[in-house]
Every structure is written in structure tokens, then in C-alpha cells.
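Per TrEMBL, the features are:
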- 506-517: compositional bias 'Polar residues' (COMPBIAS)
- 1-24: region 'Disordered' (REGION)
- 489-525: region 'Disordered' (REGION)
- 35-57: transmembrane segment (TRANSMEM)
- 77-97: transmembrane segment (TRANSMEM)
- 109-131: transmembrane segment (TRANSMEM)
- 210-227: transmembrane segment (TRANSMEM)
- 247-267: transmembrane segment (TRANSMEM)
- 287-306: transmembrane segment (TRANSMEM)
- 318-339: transmembrane segment (TRANSMEM)
Amino acid sequence: GKKAGNGHAEGPASERQQQREGGGGGCRGFLRRNLLVLLTVSGVVAGVALGAAVRGLSLGPAQISYLAFPGELLLRMLRMVILPLVVCSLVSGAASLDTRSLGRLGGIAIAYFLGTTLLASALAVALGFIVRPGAGASALNAPELGLPGAVPTSKETVDSFLDLVRNLFPSNLVAAAFQTYATDYKMLARNTTSGNITWEKVPVGTEIEGMNILGLVLFALVLGVALKKLGHEGEDLIRFFNSFNEATMVMVSWIMWYVPIGIMFLVGSKIVEMEDIVLLVTSLGKYIFASILGHFIHGGIILPLIYFAATRQNPYRFLLGLITPLATAFATCSSSATLPSMIKCVEENNGVDKRISRFILPIGATVNMDGAAIFQCMATVFIAQLNNVDLNPGQIFTILVTATASSVGAAGVPAGGVLTIAIILEAIGLPTNDLSLILAVDWIVDRTTTVVNVEGDALGAGILNYLNEKANKEKEKEQELKEVNIEAVANNKSEEETSPLVTHKTPVSNTPSTAVDSESKESVL
């Protein structure tokens with residue numbers, strides 16, 4: 001059963017590979033197939049080497065920014081593709097699945113996202129108590145590390161959640177492509193009767209830079225369902241989004257050849273930029289170690305186990321096909337920038353159904369943040385230990401819930417997690433002035449964070465694909481009959497489309513419509 005399922009899943013991909021291999025012998029076929037993967041991995045290695053070599057030259061900030069330029073180009077290209085990719089893939093994904101399976105898959109997906117994120121948070125809190133990263137580091141302060149002491153203004157927990165819901169329903173779709181709603185506060189002076197002045201904190205709505213992916217995701221999903229409901233009338237628009245989507249994927253496949261170069265300079269410039277790594281590692285080493293250990297356990301053991309339990313297939317074989325997007329995640333620190341290559345690799349290397357991957361991965365990139373949950377919980381426990389606060393069960397529960405919920409709202413941008421840590425700290429009543437310590441090592445921890453985020457999405461797509469195939473096998477006999485009908489309808493439609501006269505002529509003329517139809521069809525043909 002397992003073998004058959006696997007063959008079914010990897011059908012198109014493996015056929016393609018066989019065709020390719022026929023031409024070029026074993027070794028050459030392997031090289032041609034995995035050239036991009038090898039280039040990407042060697043790009044990371046070359047980046048480390050480049051950074052180590054250039055570090056000795058002691059470049060100024062301007063020169064470092066020139067060194068980072070090719071990497072910046074990669075990020076810009078990937079971000080450019082995100083908007084059309086997310087909208088079009090979700091519209092076509094929601095429109096291609098029938099309502100019943102859409103609901104079922106959506107339910108399973110939400111359960112999977114919430115479950116894995118909760119597991120991740122719990123794991124991080126447990127590890128935080130075992131490793132105790134903040135125990136020895138209490139004497140630390142930011143100025144010693146040469147860090148800015150400035151910390152983002154804290155938001156009320158309620159407002160953070162309300163902002164999340166507000167962003168789900170953007171008031172302006174065009175603005176949602178580049179702005180996000182955020183609550184800010186202004187202080188108002190109130191004159192009281194006794195003559196003394198009291199200051200009052202009043203929430204004010206502001207728009208901040210950054211794409212509101214959540215709102216776009218929801219809109220695209222609903223639009224897809226609406227087009228499906230229109231039936232015959234909606235087909236043209238669905239076709240438009242489908243072809244838009246395919247074109248974007250072709251552009252992605254071109255961008256992916258630039259990934260190794262971009263990654264090399266991204267990693268290299270990051271290594272040159274580092275201030276004093278020895279001081280950082282000695283002072284915050286336990287925190288870095290604990291976070292990365294948590295990511296390793298969750299990404300290397302727990303998620304693959306969940307995948308294996310659901311599908312009875314080898315998870316590591318599945319992950320092998322995803323080396324390029326995982327390396328991209330490692331270098332760019334942005335889960336939304338990894339989305340394009342992730343969709344491509346999941347479909348081509350792992351044979352996941354297009355409808356599933358396009359429906360689940362864009363949602364996953366915005367909603368499912370296992371790595372971020374680990375990083376946030378670990379940071380919270382770390383700060384609690386720095387301040388010698390013993391967390392009680394109620395506070396731990398608050399951390400878990402807040403981390404799970406706020407990892408939904410953390411947009412897929414680098415260092416987006418620091419703001420959500422501020423939210424968690426507010427919720428359990430800890431001071432937020434130690435956040436600069438976490439910002440100091442954010443660029444190290446953020447890499448594994450993003451890798452785990454992206455990996456969780458991909459495995460979720462694999463699980464959903466397997467469950468969908470299983471359901472389809474049970475429904476296969478009905479499905480075959482249905483498909484024949486659909487094909488017949490589609491053929492009629494395309495014939496009619498070629499001549500707009502057909503549909504208009506029928507009601508006007510007095511002759512029996514069937515005759516007119518057949519005549520005009522013949523003339524068209």
C-alpha cells in the first residue's frame with residue numbers, strides 16, 4: 001500500500017526524471033537534476049568563506065552595503081513575486097477545490113497549524129526551564145554589547161488581537177498591498193476639577209509600511225469561493241487567475257537560478273557586519289543554544305514524526321526535495337520570500353497536487369509559524385529568568401496561548417518576531433527593556449526560526465496531499481464519471497466561445513434554435 005501511494009504521489013516528477021536520465025547517464029543525470037540544490041548549498045558555503053575573507057579588510061558601512069547589494073536584489077525579486085503569487089494561487093486554489101473538500105482540508109489545515117504551533121510553544125517553554133538560558137546572564141546590560149537601548153513602544157494585548165482581526169478585513173485592497181493597520185497611542189491631557197492634570201493613553205489607528213498579507217489571503221480565498229459559486233460566468237476569471245499563476249511560477253523558476261548568487265552575498269555581508277561575535281556568544285550563548293536546540297528538535301524530530309504518523313511515508317525523503325527553499329529560508333530570514341521557491345519544489349520534487357499546495361502554502365506562510373513560536377517562548381522564558389521571576393502555571397498558559405495567537409499575526413518579515421515578544425511580555429507583566437539583548441542575536445536565531453516555519457508549512461502540504469489522495473481514491477469511481485461530463489461541457493464551451501455570435505443569434509432568430517446552433521457551430525469549425 002505504501003509503495004503504491006508513493007508512486008501515485010510522485011508520478012509526474014519521477015517520469016520526468018526518468019526521461020531526463022535517459023539522455024545523460026547516471027551521474028550526469030543526477031547533476032542535471034540537482035544542479036540548483038548543489039549550487040544553492042555551495043552558495044551558502046561560499047558566502048561564509050567570502051565573509052570570513054572580507055572581514056579582515058575592515059570595511060565601512062557603505063562598503064558593506066555594496067557587498068550586500070546582490071543579495072538585496074534577490075530579496076527584492078522574491079518580494080516582487082509574492083503579491084501576484086499569493087493572490088492568484090489562492091484564488092485558483094479555492095476555485096479548483098469543490099466546497100466540501102475545501103471545508104474539510106481547511107479544517108484539517110487549521111487543526112494542524114494550531115496543533116504544531118502549540119506543540120512548538122510547549123517544547124520551547126519546557127526547554128527554557130531545563131536549559132535555563134537566563135540564569136547565569138543576570139549581570140548583562142545592553143550598553144556593554146554596544147546596542148541601542150531603544151525598545152518599541154508596548155501595545156496592549158487587547159489591541160494586538162483587535163489589530164489582527166482588523167487586518168483580516170482591510171478597508172482598502174490596494175493599500176493592503178503595501179500597508180498594515182497598527183494601533184498607536186497618543187497621550188491626552190485631561191483637566192480635572194481639582195486643577196491637577198492627568199494624562200490619558202488613547203489608542204489611535206495608524207497605517208504602517210509592510211504588506212498586509214493576512215487581509216489579501218482572506219480576500220483571495222473568499223473571491224475564489226465566490227467565483228466557484230458563479231459557475232459558468234466565473235470560469236473566465238478563474239482561467240485568468242490560473243494563467244496568471246502559471247506565468248508567475250515560470251518567473252519564479254527563473255529567479256531561482258539567481259538564488260545561489262544572492263544567498264552567497266547575503267550570508268557574506270551578514271558575517272562581515274557582525275560586531276564582536278565572541279562577546280555575544282559568551283554572554284548569550286546559552287540562549288542561542290537553547291533556541292537552536294528547540295528548532296532542531298521540533299524541525300528534525302517532532303514535525304517529521306507527525307508527517308510519518310499521518311502518511312506512513314519517509315519524511316526525510318520529503319524534506320530532501322526541499323533543500324533549495326530551506327537554504328533560501330536560512331539566508332533570507334523571511335518565510336514569505338521563501339514561498340515562491342517552496343511552492344515550486346513541493347510540486348515538482350515531491351509531487352504534491354497543485355491545488356493543495358497553492359491553497360495551503362500561502363496560508364501557511366502567513367499563519368503557521370512554529371519556529372517563531374519557539375523563538376518567542378524561549379525569549380520570554382529567558383527574560384523572565386534574567387529578571388529572576390518564577391513563572392507560575394497561569395503565566396505559562398498565557399505565554400502558550402499568546403505565542404500561538406501572535407505567531408499568526410507576525411508577518412513573514414525578518415525581525416517581525418521581536419514585536420510579538422513585546423506583546424507576550426506585556427501579557428504576563430514583565431519589563432520590555434531587555435528586548436535589545438534579543439535583538440542583538442536575532443539575526444542568528446532568526447535563520448533557524450525561518451527554516452522551521454517553512455518546513456512546517458511544507459510538511460502540512462504533504463499531509464494534506466496524502467489525505468486528499470486517500471479520499472479521492474475512495475471517490476474515484478464517481479469522480480471518473482463526473483470528469484467525463486465536465487470535459488464534455490468544457491468542449492462545448494470552448495466551441496461556443498470562438499464565435500460570440502452563437503449565443504446572441506439563438507434568442508433573436510425565429511428558426512428553431514437547435515438548427516441555428518448546429519449551423520453556426522459547423523461554420524465555426
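Glycine is treated like the rest: Cβ placed from N, Cα and C.
Because TrEMBL annotations are produced automatically, they should be read as predictions rather than curated entries.
Between the transmembrane segment (77-97) and the stretches 35-57, 210-227, 247-267, 287-306, Cβ pairs under 8 Å are most numerous for 210-227.
At the 8 Å Cβ threshold, with sequence separation of at least 6, the transmembrane segment (287-306) comes into contact with the transmembrane segment (109-131) through 3 or more pairs. Between the transmembrane segment (247-267) and the transmembrane segment (35-57), three or more CB pairs separated by 6 or more residues in sequence fall under 8 Å, so the two stretches touch.
A Cβ distance under 8 Å defines the sequence-distant neighbours of the transmembrane segment (35-57), meaning residues of its chain 6+ beyond its ends; these are 67, 256-257, 259-272, 323-324, 327-328, 330-331.
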